[in-house]
Amino acid sequence: MSFLRPTLALLAVTALVTTSAQMNGYTKKEVTPEDMELLQKAQSNVSAYNRDVTSRICYLKVDSLETQVVSGESYKFHVSGCGVNSDKELGGCANQNCESSKYDIVIYSQSWTNTLEVTSITPAN
């Protein structure tokens with residue numbers, strides 16, 4: 001029976017790590033071309049912005065991505081970007097030499113209802 005102890009300990013640790021990731025919400029994810037397409041589609045379309053989102057930026061690059069499964073999927077893009085003065089400048093930055101800062105862009109997607117919404121754009125901590 002002592003041979004079961006290491007196996008049971010491994011299972012317990014795996015369960016604990018899995019539970020911890022679920023309880024903490026967001027999970028790190030490798031950025032795919034589909035993720036970049038979703039970011040561009042939502043972030044460049046001002047009508048997809050929640051009315052509480054007042055920041056307007058363009059993004060230079062995605063530094064990392066975290067996702068959270070809710071009643072759809074929430075994407076938290078950690079980006080380098082620049083403030084813009086016009087909705088026409090949203091999306092990828094046309095001016096690659098702008099003065100950049102770090103931002104978090106949260107996008108909510110629910111494919112079965114065709115929902116795509118920018119829920120927040122905040123300076124990164």
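Residue numbering: from 1, along the chain as shown.
Including glycine, each Cβ sits where the backbone N, Cα and C put it.
DSSP assigns Asn45 (N-linked glycosylation site) to coil, not to a helix or a strand. The Cβ of Asn45 (N-linked glycosylation site) lies under 8 Å from the Cβ of Leu90, each on the same chain and at least six residues away in sequence. The N-linked glycosylation site feature in Swiss-Prot is assigned to Asn45; the stated evidence is sequence analysis.
The motif 'Secondary area of contact' annotation in Swiss-Prot covers 68-72. A mean pLDDT of 93 is what the model gives for the motif 'Secondary area of contact' (68-72).
What Swiss-Prot records for 1-21 is signal peptide, and it gives sequence analysis as the kind of evidence.
DSSP gives Gly25 (site 'Reactive site') a coil state; it is part of no helix or strand. In this view, Gly25 (site 'Reactive site') is surrounded by 13 other Cβ atoms within 10 Å of its Cβ, with every protein chain counted. The feature site 'Reactive site' is assigned by Swiss-Prot to Gly25, with similarity to another entry given as support.
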